[in-house]
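Engineer: Dropping the structure in here first, questions after.
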Amino acid sequence: MSSQWLSKAFMKKICENPKIKLRSLIKKAHSKWNVDLTMTKAARVKQQALDEINDTYGEQYRRIHDYAAELLRPMIGLDGCFIKTPYGSQLLTAIGWDPNDQILPIAYVVVEAETKDSWRWFLLNLCDDLGVDKIRWWSDNRQIIVTYAGEILPKINKKIEREFDKGGEWLAIYAGRDKYEVSSSQGNRAKFVVDLNLHECSCRKFQLTGYPCEHAMSCIRKMCLDVKNYTENDDVLPPVFRKPIGRPKLRRNKTGDEPRNNGPLSKLARTGQQQKCSYCFALGHNKRTCPRKRKMEAAAKKAKKGAKKGAGTTRTPKPNKIPAKTTTQPATRLQPKRKSSTQVGGSQESQTSSKRARCSSSASQPQPSIATVTSPSRRSLRFMAKTPPRAWKALG
């Protein structure tokens, strides 16, 4: 989805809350369209929507002349009716028609009867209060302006002709880029800078009035330009928004008779007011001192403690999964002594007899239970690699 489409979709939401957070826009887009927005794209969507909203406000400023013309409605309606009272009087009213197409009461009077004399008296007083002579003058001028064929209004045209005549007393020197240096032709040291492109003069009369001043008229006369091109009134624009420095104030500005300290007089007291609990909706206490809430919290704490105790009694210890290690003691390596040839035969016989004795003794004696290990440890493997097989037999 493009940022332009999203800005139009979020237009109403941002118009209601211009300070909406970007994360809320991201959540809304994810829940509604299943689209994941980044923070940069959400900021771009919000800025485009704000620009569109501010442009609509600027358009309202441009139409301020239309609003002024709509307010000038020279229409007053007159009417009379009877009043149901024991005295039987009449009510005479003068009403207006406002721009919202609604009736606006101007004046009313209660008279004995609806006659020419009563109407005459009522209208004379109404004309004195409203100033009918001024209203007639305004209405006549309005008709003249509506039927006027020129591009510049008569009074403005007279002022421009007066400034044009004064422009002959000044000398204009071209300085480049539609800028001129204007000095007096009567020996005066006054000098002014005129920029015809920006409709500006250093005397600031050109910017304030909207039509050329005498200094600008001297430049227009020198270059033989048309005055009408420099008398166009621009549209009314909104003022430039300036964000104040620092944090925005949260407290209102107090008047001179209000206390400014932070003591007990700075806030309104609640004495004499009946409190209402937002938890149980009972009168006489608040949520902080609610007895029902305290009972519920105490019961919840007891339930949590009981659950913890029950979980502790039913817990079984885990079996030890570490296999038993067999300790092997290194056997001492004995070097055999050399024997003579006469003792070889006797030694062989003694060895066979000793082996038989060992076998018989091992069979008669009960053998201890030895834990069998499926795979030898690294330490035992290293020992077996270093020692000869004779030492293995000694271990057996």
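Just so you know, glycine gets a Cβ as well, placed from its N, Cα and C.
Per TrEMBL, the features are:
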COMPBIAS  244-253  compositional bias 'Basic residues'
COMPBIAS  291-308  compositional bias 'Basic residues'
COMPBIAS  350-369  compositional bias 'Low complexity'
DOMAIN    192-224  domain 'SWIM-type'
REGION    241-270  region 'Disordered'
REGION    291-396  region 'Disordered'
Engineer: For the domain 'SWIM-type' (192-224), what's the mean pLDDT in this predicted model?
Structural biologist: 90
Engineer: How many of the residues that make up the compositional bias 'Basic residues' (244-253) does DSSP mark as helix, as strand and as coil?
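Structural biologist: Its residues fall into 0 helix, 0 strand, 10 coil.
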